[in-house]
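Feature annotations, courtesy of TrEMBL:
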type	residues	note
REGION	308-330	region 'Disordered'
TRANSMEM	19-41	transmembrane segment
TRANSMEM	53-73	transmembrane segment
TRANSMEM	85-105	transmembrane segment
TRANSMEM	111-130	transmembrane segment
TRANSMEM	151-175	transmembrane segment
TRANSMEM	195-215	transmembrane segment
Amino acid sequence: MTATQLVAPVKGHSRRRAIAYWTATVLLVTESLVGGTYDLFRLDPFFAMLAPLGYPAYLATILGSAKILAGLTLSLPRLPRLKEWAYAGILINMLGAAASQIAVGNGPGDYVPPLVFAVIALTSWAYRPGSRRLSAPTVQPTGGAAMGRSAAVITSAGWFVVTGGVGAVLVPWWLTGWLLRRPLPYWSVAEAVGVVLILAGLVVAARVFIAFVRAGGTPMPGAMTGHLVVTGFNRYVRNPIYLAAMTIFIGEALLFGQLSMLVYAFAVWAGAAAFVRWYEEPALATRFGADFEAYRRAVPAWRPRLRPWTPADPAHPADRNDGAGASSTG
């Protein structure tokens, strides 16, 4: 294979990325500026939607101002940190709009469009060029100093309570009002399954947090452990906390009998998958090098292994794990 043959696919890939980025970004900026103007000046048909959804009229002014600022930020060159906030705000707005439509019983024609724009926002964010990205995070080399046990306990406990309280308590309450709707006969069986899933997800999440504390760190990207944690549920799947969260949300969907929780679970998973793919795993690869690459090759991201993976013995390079060729994409 010639050098020209090697370079051509790279150029083609870069061109496709650029087309995907600019197509998604133009659509996103247009929606933000046009939709923001409609909201800011309280123009129909969008303004008329707020009252049936239970929102006050002044929210239109807040949304309109924020959307216009986000559209301007995305259209300007550089400003990577502001762009991160703009993407986050757009995603929250779109997912909130979809969840609100579902919560009041509206059909797909009302909640699908904001979900489509949420996907467009993720596409623009994922394919943004280097000049519009934050610089790579500064990480310690493998074996860097871990935080103290007390600090790890306090940080992990706080993170567990805040993320769990918001993600698994406040948002479900906002979406469902904690009302058991029982949409089908004998739904009590589904409710029982939902309770089991919620408890299972809580147990998995708690045990993974404990494993990170014992390793002198937290699951938070900004407070990593000094060494790669490959114990407990991390031996079966690379993202056990995210899967535990999805299990809890699906359990709540069954318990409350409401479709909005399933949409919420999918939206959170999509955001988590994008975060893992384009931020977390590159940071882990930079920090832990060959150790993480071996782990990524052996342990799937989202589909748990049937048997736990055992890292190779440093003194014996041959990998001792079963089925080391497992997919790393989940």
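Yeah, the Cβs are placed from backbone N, Cα and C, and that goes for glycine too.
TrEMBL does not curate its annotations; it predicts them automatically.
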Long-range Cβ neighbours of the transmembrane segment (19-41) (under 8 Å; 6 or more residues past either end): 47, 60-61, 63-68, 70-72, 74-75, 90, 117, 120-121, 123-124, 127-129
Spatial neighbours of the transmembrane segment (195-215) far in sequence, C-beta under 8 Å, 6+ residues away: 146, 149, 152-153, 156-157, 159-160, 164, 225-227, 229, 231-234, 240-241, 243-248, 250-252, 254-255
Contacting positions for the transmembrane segment (111-130) when only residues 6+ beyond its ends and CB under 8 Å are counted: 17-18, 20-21, 24-25, 27-28, 31, 74, 83, 87, 90-91, 93-95, 97-99, 101-102, 263, 267, 270-271, 274, 277-278
Folded-back contacts onto the transmembrane segment (53-73), same chain, C-beta under 8 angstroms, at least six residues removed: 28-33, 35-42, 46-47, 79, 82-83, 85-86, 89-90, 93, 100-101, 103-104
